Amino acid sequence: MNLDQAEITALTKRFETPFYLYDGDFIEAHYRQLRSRTNPAIQFYLSLKANNNIHLAKLFRQWGLGVEVASAGELALARHAGFSAENIIFSGPGKKRSELEIAVQSGIYCIIAESVEELFYIEELAEKENKTARVAIRINPDKSFGSTAIKMGGVPRQFGMDESMLDAVMDAVRSLQFTKFIGIHVYTGTQNLNTDSIIESMKYTVDLGRNIYERYGIVCECINLGGGFGVPYFSHEKALDIGKITRTVSDYVQEARDTRFPQTTFIIESGRYLLAQAAVYVTEVLYRKASKGEVFVIVDGGMHHHAASTFRGRSMRSNYPMEYIPVREDSGRRELEKVTIAGPLCTPEDCLGKDVHVPALYPGDLVCVLNSGAYGLSFSPVHFLGHPTPIEILKRNGSYELIRRKGTADDIVATQLQTESNLLFVDK
(Lines of atoms letter the chains of each structure in order from A and count residues from 1; the text may use other names and numbers.)
(Lines give C-alpha, C1' and ligand atoms only; values in the text may rest on other atoms or scores of the structure.)
Protein backbone atom coordinates (compact mmCIF):
# COMPACT_ATOMS: atom_id res chain seq x y z
CA MET A 1 0.00 0.00 0.00
CA ASN A 2 1.37 3.37 -1.00
CA LEU A 3 0.69 6.10 1.55
CA ASP A 4 -0.85 9.26 0.07
CA GLN A 5 -0.21 12.00 2.61
CA ALA A 6 -2.75 14.39 1.10
CA GLU A 7 -5.38 11.65 1.19
CA ILE A 8 -4.64 10.83 4.83
CA THR A 9 -4.74 14.49 5.83
CA ALA A 10 -8.10 14.96 4.09
CA LEU A 11 -9.55 11.91 5.83
CA THR A 12 -8.56 13.28 9.25
CA LYS A 13 -10.77 16.30 8.56
CA ARG A 14 -13.76 13.96 8.15
CA PHE A 15 -12.98 11.17 10.60
CA GLU A 16 -11.62 11.33 14.11
CA THR A 17 -8.26 9.71 14.70
CA PRO A 18 -7.10 7.12 15.38
CA PHE A 19 -8.35 5.04 12.45
CA TYR A 20 -7.38 2.18 10.18
CA LEU A 21 -7.41 2.74 6.42
CA TYR A 22 -7.49 -0.33 4.16
CA ASP A 23 -6.72 -0.30 0.44
CA GLY A 24 -9.21 -2.72 -1.10
CA ASP A 25 -7.70 -2.43 -4.57
CA PHE A 26 -4.29 -3.42 -3.19
CA ILE A 27 -5.82 -6.39 -1.35
CA GLU A 28 -7.54 -7.65 -4.49
CA ALA A 29 -4.49 -7.26 -6.73
CA HIS A 30 -2.28 -8.92 -4.12
CA TYR A 31 -4.61 -11.90 -3.76
CA ARG A 32 -5.22 -12.32 -7.49
CA GLN A 33 -1.48 -12.39 -8.14
CA LEU A 34 -1.12 -15.16 -5.55
CA ARG A 35 -4.08 -17.02 -7.01
CA SER A 36 -2.79 -16.79 -10.58
CA ARG A 37 0.55 -18.33 -9.59
CA THR A 38 -0.97 -21.29 -7.76
CA ASN A 39 -2.29 -24.65 -8.97
CA PRO A 40 -6.12 -24.47 -9.26
CA ALA A 41 -6.30 -27.66 -7.18
CA ILE A 42 -5.14 -25.58 -4.20
CA GLN A 43 -7.85 -23.55 -2.50
CA PHE A 44 -7.09 -20.52 -0.34
CA TYR A 45 -8.78 -20.00 3.01
CA LEU A 46 -8.77 -16.68 4.84
CA SER A 47 -7.56 -16.93 8.46
CA LEU A 48 -10.16 -14.75 10.14
CA LYS A 49 -8.01 -14.30 13.26
CA ALA A 50 -5.73 -11.98 11.31
CA ASN A 51 -8.54 -9.47 10.82
CA ASN A 52 -12.13 -10.09 11.82
CA ASN A 53 -13.82 -7.20 10.01
CA ILE A 54 -16.69 -8.81 8.12
CA HIS A 55 -16.55 -6.24 5.31
CA LEU A 56 -13.03 -7.38 4.42
CA ALA A 57 -14.09 -11.01 4.81
CA LYS A 58 -16.94 -10.40 2.36
CA LEU A 59 -14.44 -9.32 -0.29
CA PHE A 60 -12.49 -12.56 0.06
CA ARG A 61 -15.72 -14.56 -0.09
CA GLN A 62 -16.61 -12.80 -3.34
CA TRP A 63 -13.19 -13.71 -4.73
CA GLY A 64 -13.76 -17.39 -4.00
CA LEU A 65 -11.86 -18.03 -0.78
CA GLY A 66 -13.04 -20.20 2.08
CA VAL A 67 -12.54 -19.15 5.69
CA GLU A 68 -10.76 -20.66 8.70
CA VAL A 69 -12.24 -19.84 12.10
CA ALA A 70 -11.04 -20.65 15.61
CA SER A 71 -14.04 -19.96 17.84
CA ALA A 72 -17.82 -19.93 17.79
CA GLY A 73 -17.59 -16.14 17.63
CA GLU A 74 -15.49 -16.26 14.48
CA LEU A 75 -17.88 -18.85 13.05
CA ALA A 76 -20.74 -16.40 13.59
CA LEU A 77 -18.70 -13.61 11.97
CA ALA A 78 -18.00 -15.84 8.97
CA ARG A 79 -21.70 -16.53 8.52
CA HIS A 80 -22.45 -12.79 8.82
CA ALA A 81 -19.90 -12.24 6.06
CA GLY A 82 -21.90 -14.61 3.86
CA PHE A 83 -19.67 -17.69 3.87
CA SER A 84 -21.64 -20.87 3.34
CA ALA A 85 -21.12 -23.68 5.84
CA GLU A 86 -19.36 -25.84 3.26
CA ASN A 87 -16.62 -23.21 2.93
CA ILE A 88 -15.76 -23.00 6.64
CA ILE A 89 -13.12 -24.94 8.58
CA PHE A 90 -12.83 -24.74 12.37
CA SER A 91 -9.45 -25.11 14.08
CA GLY A 92 -8.05 -24.49 17.56
CA PRO A 93 -6.68 -26.66 20.38
CA GLY A 94 -9.32 -25.82 22.99
CA LYS A 95 -12.76 -25.96 21.40
CA LYS A 96 -15.52 -26.13 24.01
CA ARG A 97 -18.24 -28.74 23.63
CA SER A 98 -20.75 -25.93 23.07
CA GLU A 99 -18.62 -24.66 20.17
CA LEU A 100 -18.29 -28.13 18.68
CA GLU A 101 -22.05 -28.51 18.96
CA ILE A 102 -22.57 -25.32 16.95
CA ALA A 103 -20.07 -26.52 14.34
CA VAL A 104 -21.79 -29.91 14.02
CA GLN A 105 -25.23 -28.31 13.81
CA SER A 106 -24.00 -25.86 11.17
CA GLY A 107 -22.68 -28.61 8.91
CA ILE A 108 -19.39 -26.86 8.19
CA TYR A 109 -16.92 -28.35 5.73
CA CYS A 110 -14.52 -29.58 8.36
CA ILE A 111 -13.68 -29.50 12.05
CA ILE A 112 -9.94 -29.83 12.55
CA ALA A 113 -9.60 -32.13 15.56
CA GLU A 114 -6.52 -31.54 17.69
CA SER A 115 -6.81 -34.47 20.13
CA VAL A 116 -8.34 -37.94 20.32
CA GLU A 117 -10.66 -36.67 23.06
CA GLU A 118 -11.94 -34.02 20.69
CA LEU A 119 -12.66 -36.68 18.07
CA PHE A 120 -14.84 -38.53 20.57
CA TYR A 121 -16.62 -35.32 21.62
CA ILE A 122 -17.44 -34.64 17.97
CA GLU A 123 -18.67 -38.22 17.52
CA GLU A 124 -20.93 -37.92 20.57
CA LEU A 125 -22.39 -34.62 19.38
CA ALA A 126 -22.88 -35.87 15.83
CA GLU A 127 -24.79 -38.90 17.14
CA LYS A 128 -26.93 -36.63 19.32
CA GLU A 129 -27.74 -34.40 16.32
CA ASN A 130 -28.13 -37.41 14.00
CA LYS A 131 -25.69 -35.79 11.58
CA THR A 132 -22.44 -36.77 9.95
CA ALA A 133 -19.65 -34.49 11.12
CA ARG A 134 -16.61 -34.07 8.89
CA VAL A 135 -13.20 -33.96 10.56
CA ALA A 136 -9.56 -33.62 9.67
CA ILE A 137 -6.81 -34.32 12.17
CA ARG A 138 -4.09 -31.80 12.91
CA ILE A 139 -0.70 -33.49 13.00
CA ASN A 140 2.33 -32.14 14.82
CA PRO A 141 5.08 -33.53 12.58
CA ASP A 142 8.09 -35.40 13.91
CA LYS A 143 10.30 -33.03 11.94
CA SER A 144 11.00 -29.34 12.58
CA PHE A 145 11.20 -27.08 9.53
CA GLY A 146 13.83 -24.36 9.77
CA SER A 147 13.38 -20.97 11.36
CA THR A 148 10.08 -19.18 11.75
CA ALA A 149 9.00 -16.33 14.02
CA ILE A 150 6.57 -18.50 16.00
CA LYS A 151 6.92 -22.29 15.81
CA MET A 152 3.63 -24.18 16.04
CA GLY A 153 4.72 -27.64 14.94
CA GLY A 154 7.72 -29.94 14.92
CA VAL A 155 8.35 -29.03 18.57
CA PRO A 156 6.38 -29.67 21.79
CA ARG A 157 3.19 -27.65 21.40
CA GLN A 158 -0.46 -27.70 22.44
CA PHE A 159 -1.49 -27.91 18.79
CA GLY A 160 -2.54 -31.13 17.11
CA MET A 161 -1.49 -34.72 17.71
CA ASP A 162 2.09 -35.92 17.47
CA GLU A 163 2.90 -37.78 14.29
CA SER A 164 4.32 -40.60 16.43
CA MET A 165 0.78 -41.17 17.78
CA LEU A 166 -0.68 -41.74 14.33
CA ASP A 167 -1.46 -45.44 14.84
CA ALA A 168 -3.55 -44.72 17.93
CA VAL A 169 -5.21 -41.74 16.27
CA MET A 170 -6.20 -43.75 13.20
CA ASP A 171 -7.55 -46.53 15.44
CA ALA A 172 -9.81 -43.90 16.99
CA VAL A 173 -10.79 -42.63 13.54
CA ARG A 174 -11.80 -46.14 12.44
CA SER A 175 -14.11 -46.46 15.45
CA LEU A 176 -16.18 -43.41 14.49
CA GLN A 177 -19.67 -44.01 13.13
CA PHE A 178 -21.18 -40.52 12.93
CA THR A 179 -17.95 -38.71 12.09
CA LYS A 180 -16.30 -38.85 8.69
CA PHE A 181 -12.53 -38.54 8.49
CA ILE A 182 -11.68 -36.40 5.46
CA GLY A 183 -8.02 -35.55 5.84
CA ILE A 184 -5.11 -33.92 7.61
CA HIS A 185 -3.82 -30.51 8.59
CA VAL A 186 -0.24 -29.44 9.34
CA TYR A 187 0.65 -25.90 10.41
CA THR A 188 4.23 -25.50 11.54
CA GLY A 189 4.55 -21.77 12.20
CA THR A 190 3.44 -18.22 11.54
CA GLN A 191 5.22 -15.11 10.22
CA ASN A 192 7.58 -17.44 8.38
CA LEU A 193 10.06 -15.64 6.13
CA ASN A 194 12.03 -18.79 5.30
CA THR A 195 11.01 -19.74 1.76
CA ASP A 196 12.57 -23.19 1.82
CA SER A 197 11.08 -24.17 5.19
CA ILE A 198 7.57 -23.37 3.93
CA ILE A 199 8.14 -25.48 0.83
CA GLU A 200 9.59 -28.33 2.89
CA SER A 201 6.69 -28.27 5.34
CA MET A 202 4.06 -28.31 2.60
CA LYS A 203 5.76 -31.14 0.71
CA TYR A 204 6.04 -33.07 3.96
CA THR A 205 2.29 -32.64 4.50
CA VAL A 206 1.52 -34.07 1.06
CA ASP A 207 3.80 -37.00 1.88
CA LEU A 208 1.93 -37.54 5.16
CA GLY A 209 -1.23 -37.93 3.12
CA ARG A 210 0.53 -40.57 1.01
CA ASN A 211 1.71 -42.36 4.15
CA ILE A 212 -1.80 -42.48 5.57
CA TYR A 213 -3.01 -44.13 2.38
CA GLU A 214 -0.17 -46.65 2.33
CA ARG A 215 -0.39 -47.52 6.05
CA TYR A 216 -4.13 -47.34 6.65
CA GLY A 217 -5.73 -47.57 3.21
CA ILE A 218 -7.51 -44.23 3.62
CA VAL A 219 -7.44 -41.58 0.90
CA CYS A 220 -7.46 -38.02 2.23
CA GLU A 221 -10.27 -36.02 0.68
CA CYS A 222 -8.63 -32.86 2.03
CA ILE A 223 -4.99 -32.05 2.73
CA ASN A 224 -4.56 -28.72 4.52
CA LEU A 225 -1.00 -27.56 3.87
CA GLY A 226 -1.14 -24.80 6.47
CA GLY A 227 0.37 -21.46 5.56
CA GLY A 228 2.24 -19.05 7.76
CA PHE A 229 3.48 -16.84 4.91
CA GLY A 230 5.27 -13.93 6.56
CA VAL A 231 5.75 -10.32 5.51
CA PRO A 232 8.84 -8.16 6.18
CA TYR A 233 7.93 -5.62 8.85
CA PHE A 234 11.44 -4.46 9.64
CA SER A 235 14.41 -3.30 7.57
CA HIS A 236 16.51 -6.38 8.38
CA GLU A 237 13.82 -8.77 7.10
CA LYS A 238 13.62 -10.04 3.51
CA ALA A 239 10.43 -10.88 1.65
CA LEU A 240 9.54 -14.45 0.79
CA ASP A 241 10.22 -15.74 -2.69
CA ILE A 242 6.50 -16.31 -3.17
CA GLY A 243 7.00 -17.31 -6.80
CA LYS A 244 9.30 -20.15 -5.77
CA ILE A 245 6.82 -21.30 -3.12
CA THR A 246 3.78 -21.32 -5.39
CA ARG A 247 5.67 -22.88 -8.30
CA THR A 248 7.29 -25.66 -6.27
CA VAL A 249 4.24 -26.50 -4.16
CA SER A 250 1.94 -26.38 -7.19
CA ASP A 251 4.14 -28.87 -9.05
CA TYR A 252 4.30 -31.18 -6.04
CA VAL A 253 0.53 -31.07 -5.59
CA GLN A 254 0.00 -31.79 -9.28
CA GLU A 255 2.26 -34.83 -9.08
CA ALA A 256 0.26 -36.06 -6.08
CA ARG A 257 -3.03 -35.57 -7.92
CA ASP A 258 -1.71 -37.40 -10.96
CA THR A 259 -0.54 -40.41 -8.94
CA ARG A 260 -2.60 -40.78 -5.76
CA PHE A 261 -5.06 -37.98 -5.04
CA PRO A 262 -7.03 -37.13 -8.20
CA GLN A 263 -10.05 -35.84 -6.24
CA THR A 264 -8.29 -34.40 -3.19
CA THR A 265 -8.75 -30.76 -2.21
CA PHE A 266 -5.57 -29.01 -1.09
CA ILE A 267 -5.82 -25.95 1.15
CA ILE A 268 -3.48 -23.09 2.02
CA GLU A 269 -4.49 -20.77 4.86
CA SER A 270 -3.45 -17.13 4.86
CA GLY A 271 -4.28 -13.99 6.77
CA ARG A 272 -1.16 -11.96 7.43
CA TYR A 273 0.21 -12.31 3.89
CA LEU A 274 -3.10 -11.29 2.34
CA LEU A 275 -3.74 -8.26 4.53
CA ALA A 276 -0.73 -6.96 6.47
CA GLN A 277 0.65 -4.60 3.84
CA ALA A 278 -2.78 -3.30 2.82
CA ALA A 279 -3.51 -0.92 5.70
CA VAL A 280 -2.20 1.98 7.73
CA TYR A 281 -3.05 2.93 11.32
CA VAL A 282 -3.33 6.72 11.58
CA THR A 283 -2.79 8.55 14.87
CA GLU A 284 -2.57 12.22 15.81
CA VAL A 285 0.07 13.84 18.00
CA LEU A 286 -1.46 15.14 21.25
CA TYR A 287 1.59 16.34 23.15
CA ARG A 288 5.36 16.53 23.06
CA LYS A 289 7.40 16.59 26.24
CA ALA A 290 10.89 16.08 27.56
CA SER A 291 11.88 13.74 30.38
CA LYS A 292 15.43 13.45 31.70
CA GLY A 293 16.99 14.42 28.42
CA GLU A 294 14.69 12.41 26.14
CA VAL A 295 11.86 13.67 23.93
CA PHE A 296 8.49 11.92 24.04
CA VAL A 297 5.72 12.38 21.49
CA ILE A 298 2.29 11.29 22.77
CA VAL A 299 -0.26 10.19 20.17
CA ASP A 300 -3.94 9.27 20.51
CA GLY A 301 -3.58 5.63 19.41
CA GLY A 302 -1.53 2.75 20.65
CA MET A 303 -1.45 -0.69 22.25
CA HIS A 304 -5.22 -0.92 22.80
CA HIS A 305 -5.77 -0.74 19.03
CA HIS A 306 -2.53 -2.11 17.60
CA ALA A 307 -0.73 -4.21 20.20
CA ALA A 308 1.50 -5.93 17.66
CA SER A 309 3.21 -2.65 16.78
CA THR A 310 3.95 -1.71 20.39
CA PHE A 311 6.38 -2.98 23.00
CA ARG A 312 3.76 -5.07 24.79
CA GLY A 313 5.38 -8.11 26.39
CA ARG A 314 8.77 -7.57 24.73
CA SER A 315 11.97 -6.23 26.21
CA MET A 316 13.81 -5.93 22.88
CA ARG A 317 12.35 -5.42 19.43
CA SER A 318 12.34 -3.29 16.30
CA ASN A 319 9.95 -0.48 15.46
CA TYR A 320 7.22 -0.94 12.88
CA PRO A 321 7.72 1.19 9.76
CA MET A 322 6.07 4.59 10.16
CA GLU A 323 5.52 7.74 8.16
CA TYR A 324 5.01 11.20 9.57
CA ILE A 325 2.76 13.91 8.18
CA PRO A 326 3.30 17.51 9.37
CA VAL A 327 -0.05 19.26 9.54
CA ARG A 328 0.65 22.54 11.36
CA GLU A 329 0.53 25.69 9.28
CA ASP A 330 4.18 26.47 10.10
CA SER A 331 5.35 23.01 9.01
CA GLY A 332 8.28 24.02 6.88
CA ARG A 333 11.60 22.22 7.01
CA ARG A 334 12.06 20.52 10.37
CA GLU A 335 15.25 19.20 11.87
CA LEU A 336 15.51 15.48 12.59
CA GLU A 337 15.40 14.48 16.23
CA LYS A 338 15.43 11.24 18.20
CA VAL A 339 12.14 10.63 20.01
CA THR A 340 10.02 7.95 21.62
CA ILE A 341 6.47 7.77 20.26
CA ALA A 342 4.05 6.66 22.96
CA GLY A 343 0.32 6.05 23.09
CA PRO A 344 -2.20 7.37 25.63
CA LEU A 345 -2.30 4.36 27.96
CA CYS A 346 -0.99 4.19 31.52
CA THR A 347 1.74 1.66 30.81
CA PRO A 348 5.29 2.00 29.44
CA GLU A 349 4.49 -0.88 27.07
CA ASP A 350 2.30 1.52 25.08
CA CYS A 351 5.21 2.54 22.89
CA LEU A 352 4.84 2.71 19.10
CA GLY A 353 8.43 3.71 18.42
CA LYS A 354 11.57 3.79 20.55
CA ASP A 355 14.47 6.09 19.63
CA VAL A 356 13.12 6.85 16.17
CA HIS A 357 14.68 9.63 14.11
CA VAL A 358 11.89 11.84 12.77
CA PRO A 359 11.30 15.42 11.69
CA ALA A 360 10.26 17.32 14.83
CA LEU A 361 6.64 16.43 15.63
CA TYR A 362 4.08 18.74 17.25
CA PRO A 363 0.43 18.50 18.33
CA GLY A 364 -1.82 18.02 15.31
CA ASP A 365 0.80 16.21 13.23
CA LEU A 366 0.08 12.64 12.13
CA VAL A 367 1.98 9.44 12.83
CA CYS A 368 1.04 6.60 10.46
CA VAL A 369 1.94 2.99 11.26
CA LEU A 370 2.40 0.97 8.08
CA ASN A 371 1.84 -2.77 7.50
CA SER A 372 -1.16 -2.66 9.84
CA GLY A 373 -3.72 -4.78 7.99
CA ALA A 374 -3.24 -8.01 9.95
CA TYR A 375 -3.17 -8.69 13.69
CA GLY A 376 -4.05 -5.08 14.42
CA LEU A 377 -7.37 -4.48 16.14
CA SER A 378 -8.23 -8.20 16.32
CA PHE A 379 -5.03 -8.84 18.33
CA SER A 380 -5.34 -5.92 20.75
CA PRO A 381 -6.65 -5.38 24.33
CA VAL A 382 -9.45 -3.06 23.24
CA HIS A 383 -11.08 -2.83 26.69
CA PHE A 384 -7.92 -1.74 28.49
CA LEU A 385 -8.57 1.69 30.09
CA GLY A 386 -11.93 2.03 28.35
CA HIS A 387 -10.86 3.91 25.24
CA PRO A 388 -13.23 3.58 22.26
CA THR A 389 -12.43 1.20 19.44
CA PRO A 390 -11.17 3.03 16.34
CA ILE A 391 -12.89 3.75 13.09
CA GLU A 392 -12.03 1.50 10.14
CA ILE A 393 -12.26 2.77 6.56
CA LEU A 394 -12.10 0.80 3.32
CA LYS A 395 -10.93 2.53 0.16
CA ARG A 396 -11.97 0.78 -3.03
CA ASN A 397 -12.41 1.93 -6.63
CA GLY A 398 -11.87 5.54 -5.58
CA SER A 399 -14.58 5.46 -2.91
CA TYR A 400 -14.41 5.29 0.86
CA GLU A 401 -16.63 3.13 3.04
CA LEU A 402 -16.88 3.28 6.82
CA ILE A 403 -16.63 -0.38 7.85
CA ARG A 404 -16.41 0.10 11.63
CA ARG A 405 -17.86 3.00 13.58
CA LYS A 406 -16.06 4.57 16.49
CA GLY A 407 -16.72 2.71 19.73
CA THR A 408 -18.70 4.25 22.57
CA ALA A 409 -18.87 3.97 26.35
CA ASP A 410 -22.08 2.00 25.87
CA ASP A 411 -20.08 -0.70 24.07
CA ILE A 412 -17.89 -1.12 27.13
CA VAL A 413 -20.79 -1.66 29.55
CA ALA A 414 -23.06 -3.55 27.13
CA THR A 415 -22.26 -6.98 28.56
CA GLN A 416 -22.04 -5.87 32.19
CA LEU A 417 -25.20 -6.47 34.21
CA GLN A 418 -26.53 -3.35 35.89
CA THR A 419 -29.08 -4.33 38.57
CA GLU A 420 -29.04 -6.12 41.91
CA SER A 421 -31.59 -8.63 40.57
CA ASN A 422 -28.72 -10.42 38.82
CA LEU A 423 -27.68 -12.12 42.07
CA LEU A 424 -27.40 -15.85 41.34
CA PHE A 425 -26.72 -17.31 44.80
CA VAL A 426 -25.34 -16.55 48.21
CA ASP A 427 -22.49 -18.72 49.46
CA LYS A 428 -23.10 -19.38 53.17
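Cβ from N, Cα, C; glycine included.
Swiss-Prot lists GLY228, GLU269, SER270, GLY271, ARG272, TYR375 with the feature pyridoxal 5'-phosphate binding site. Counting every protein chain shown, the Cβ of GLU269 (pyridoxal 5'-phosphate binding site) has 28 other Cβ atoms within 10 Å.
Around the Cβ of TYR375 (pyridoxal 5'-phosphate binding site), the number of neighbouring Cβ atoms within 10 Å comes to 21. DSSP assigns TYR375 (pyridoxal 5'-phosphate binding site) to coil, not to a helix or a strand. The annotation substrate binding site is assigned in Swiss-Prot to ARG272, TYR375.
Following the DSSP three-state reduction, the secondary structure of LYS49 (N6-(pyridoxal phosphate)lysine) is helix. Remark: LYS49 (N6-(pyridoxal phosphate)lysine) has ALA70, GLU74, GLY271, TYR375, SER378 as non-local neighbours, by Cβ distance under 8 Å and separation of at least 6 in sequence. The N6-(pyridoxal phosphate)lysine annotation in Swiss-Prot covers LYS49.
Neighbouring residues of the recorded pyridoxal 5'-phosphate site, listed in sequence order and excluding GLY228, GLU269, SER270, GLY271, ARG272, TYR375, comprise SER47, LYS49, ALA50, THR190, GLY227, PHE229, TYR273, LEU274, ALA374 (Cβ within 8 Å of the Cβ centroid). It is GLY271, among the binding-site residues GLY228, GLY271, whose Cβ has the fewest other Cβ atoms within 10 Å in the structure shown. Across GLY228, GLU269, SER270, GLY271, ARG272, TYR375, which the record gives as binding pyridoxal 5'-phosphate, the greatest C-alpha separation is 15 Å.
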